[in-house]
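Engineer: Have a look at this one.
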Amino acid sequence: MNKRMNELVALLNRYATEYYTSDNPSVADSEYDRLYRELVELETAYPEQVLADSPTHRVGGKVLDGFEKYSHQYPLYSLQDAFSREELDAFDARVRKEVAHPTYICELKIDGLSISLTYEKGILVAGVTRGDGSIGENITENLKRVKDIPLTLPEELDITVRGECYMPRASFDQVNQVRQENGEPEFANPRNAAAGTLRQLDTAVVAKRNLATFLYQEASPSTRDSQEKGLKYLEQLGFVVNPKRILAENIDEIWNFIQEVGQERENLPYDIDGVVIKVNDLASQEELGFTVKAPKWAVAYKFPAEEKEAQLLSVDWTVGRTGVVTPTANLTPVQLAGTTVSRATLHNVDYIAEKDIRKDDTVIVYKAGDIIPAVLRVVESKRVSEEKLDIPTNCPSCNSDLLHFEDEVALRCINPRCPAQIMEGLIHFASRDAMNITGLGPSIVEKLFAANLVKDVADIYRLQEEDFLLLEGVKEKSAAKLYQAIQASKENSAEKLLFGLGIRHVGSKVSQLLLQYFHSIENLSQADSEEVASIESLGGVIAKSLQTYFATEGSEILLRELKETGVNLDYKGQTVVADAALSGLTVVLTGKLERLKRSEAKSKLESLGAKVTGSISKKTDLVVVGADAGSKLQKAQELGIQVRDEAWLESL
């Protein structure tokens, strides 16, 4: 039976590739169904012989307990946004300072969910969400139900690829029709539907909803020398790659492509929200490098957001954790990008003055970055009142005088004991990107603060189970879970704590970078500003902010109290040792290694202080080669770059 099962799996996978990837089926649906039923019957009779790449794995049937966290071997960076021709010109100017004659590749920006797929020996072993770029959720079983994702590759490769998982418009309409018939709330848009589907614990639901993918990048070090060649290679491996793309020599060509795509946008079978522009040559990408958050060699042009008119009803002023006082407009409800919007940010007092926003104005509201509702401008022809908005002079939380510094656009409360700032700081500390204390959300934090059970973040770790029972609506089971979540967070790697402290200019990426170098928050607190500023991608502003924070007596006391309660202050990830053998060197791995997996070689190089990249450039210091190194070895020799082999790496 094994031979026939092999034949059926090979045939059905080939037909599926023709249908989903090539859009060129060679057999009728009825023939595919007949062969599929035959395979199901054989697998039912001989379950021990079911093959790893059998298409029956896609049908569903598993109910998952939840999704485990998964650390990305290769981080997923965000992209810098551009909203105008002028911003694209500025991007081009920055690139040309480093690259004399760049060629760009323009690809559609799919409005879906970023995914990472990892294959070992050609078999899909992990499908993961983007998460925060460093840690995502393992949704492998759900992604196996997406019919155009290959379960196996034609080669026994170890490879990680990136792409977007989305819901086609036709599938979206079908899903919403079923939900309507079942009396369930409809999804607002295809992106929300795709996100909700991938979060399903029942894989059978995923299988029914006909999600699709476009792959756009090999995340693991590529043997191709350009993005365009990389896309063609992904196609050869059986992935679906969006065919709508161009190579461009200048911004005029890019802008023409953007205008063309904008006109076709509504007729596409899937949603897009822009065009991604990348430097095509991978060596040039390497020269340009990254900021802390984004590659310097790419930009995402975003199409203008949908706009609607609404009437301004009133303005709320709220205090954030840094003391900035933000105005929020209350509006007559409008439908915007698939959701009902009744509140929108007014940004700050300078924005209100610049836009001359007055009481009862009719305003244009849109979603900034397709996410945050914001007031864009006033419809002056519909103005009904000349009365200006009331700008507060005192903090709405603590009644302290508000300040408006010359170099800032916002009002600010500088009272360190302001209740709103303290509470927002506690909420931030417990949030997912910081200490990730499950269940300790804004509602519970507000109740703890109101009951005077917590005044600073160290107090969180002094709480006992019985303290939670004092809060309205909290039962014994919830109290136990909250206490357990707090105890578990003590073991977090220290970059989570550093971000949670809410130091100005120190975000999650910066926190990780700092701890990679200084290994612990205690070491960082003793570092001088010159040492911090010398770290690549950081600078004087961050260094000064850290120096100011750690110079205060309060920070010293807080860190001591956190340590006394058992909170970990050490970094648990891969550190960078300043005096390591390869510290500060840029290294390229190429060719087939015989004894080490590529991931093992990369980890070892990084542990020795090296930055491992995929392309050879003038910034490359060393190339480690295996068998069949090919053009990269030749290029290294031409550039006079030092070359070492696998045995040398093992000896370190």
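Keep in mind that glycine also has a Cβ here, set from the backbone N, Cα and C atoms.
Copying in the features that Swiss-Prot gives for the protein in this structure:
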ACT_SITE  Lys109  active site, N6-AMP-lysine intermediate
BINDING   Asp29, Ser30, Glu31, Tyr32, Asp33, Ser78, Leu79, Glu107, Arg130, Glu164, Lys278, Lys302  NAD(+) binding site
BINDING   Cys395, Cys398, Cys413, Cys418  Zn(2+) binding site
DOMAIN    577-652  domain 'BRCT'
Engineer: Helix, strand or coil for Cys413 (Zn(2+) binding site)? Use DSSP.
Structural biologist: coil
Engineer: When the Cα-Cα distance from Lys278 (NAD(+) binding site) is computed for each of the recorded positions Lys109, Cys395, Cys398, Cys413, which gives the smallest value?
Structural biologist: Lys109
Engineer: How many Å lie between the Cα of Lys109 (active site, N6-AMP-lysine intermediate) and the Cα of Leu79 (NAD(+) binding site)?
Structural biologist: 11
Engineer: In Å, rounded, how far does the Cα of Cys398 (Zn(2+) binding site) sit from the Cα of Leu79 (NAD(+) binding site)?
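Structural biologist: Approximately 39 Å lies between the Cα of Cys398 (Zn(2+) binding site) and that of Leu79 (NAD(+) binding site).
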Engineer: Which residue, out of the binding-site residues Leu79, Cys398, Cys418, shows the minimum number of other Cβ atoms inside 10 Å of its Cβ in this structure?
Structural biologist: Cys398
Engineer: Out of Glu31, Leu79, Arg130, which of these binding-site residues is nearest Cys395 (Zn(2+) binding site) by C-alpha distance?
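Structural biologist: Among Glu31, Leu79, Arg130, Leu79.
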Engineer: List the residues of the same chain that sit at least 6 positions away from Cys413 (Zn(2+) binding site) in sequence and have their Cβ under 8 Å from its Cβ, in sequence order, or write 'none'.
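Structural biologist: When sequence neighbours closer than 6 are ignored, Cys413 (Zn(2+) binding site) has Val319, Gly323, Val325, Cys395, Ser397, Cys398, Ser400, Leu402, Leu403, Ala420, Gln421 within Cβ distance under 8 Å.
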Engineer: Show, in sequence order, which residues other than Cys395, Cys398, Cys413, Cys418 on the same chain lie with their Cβ within 8 Å of the centre of the Cβ atoms of the Zn(2+) site.
Structural biologist: Val319, Gly323, Pro396, Ser397, Asn399, Ser400, Leu402, Asn415, Pro419, Ala420, Gln421
Engineer: Based on DSSP, name the secondary structure state of Lys278 (NAD(+) binding site): helix, strand or coil.
Structural biologist: strand
Engineer: What is the separation, in Å, between the Cα atoms of Glu31 (NAD(+) binding site) and Cys418 (Zn(2+) binding site)?
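Structural biologist: Cα to Cα, Glu31 (NAD(+) binding site) and Cys418 (Zn(2+) binding site) are separated by 71 Å.
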Engineer: As a quick check of your reading of DSSP, tell me how many residues in the domain 'BRCT' (577-652) are helical, how many are strand and how many are coil.
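Structural biologist: Tallying H, G and I as helix, E and B as strand, the rest coil: 25 helix, 18 strand, 33 coil.
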Engineer: Tell me, how many other CB atoms lie within 10 A of the CB of the residue listed as 'active site, N6-AMP-lysine intermediate', whichever protein chain they belong to?
Structural biologist: 22
Engineer: Are there residues of the same chain, six or more positions away from Arg130 (NAD(+) binding site), whose CB falls under 8 angstroms from its CB, and which are they?
Structural biologist: Leu76, Leu113, Ser114, Ile115, Ser116, Gly136
Engineer: Determine, from DSSP, whether the residue listed as 'active site, N6-AMP-lysine intermediate' sits in helix, strand or coil.
Structural biologist: strand
Engineer: Write down the Cα-Cα distance for Leu79 (NAD(+) binding site) and Cys418 (Zn(2+) binding site), rounded and given in Å.
Structural biologist: 36
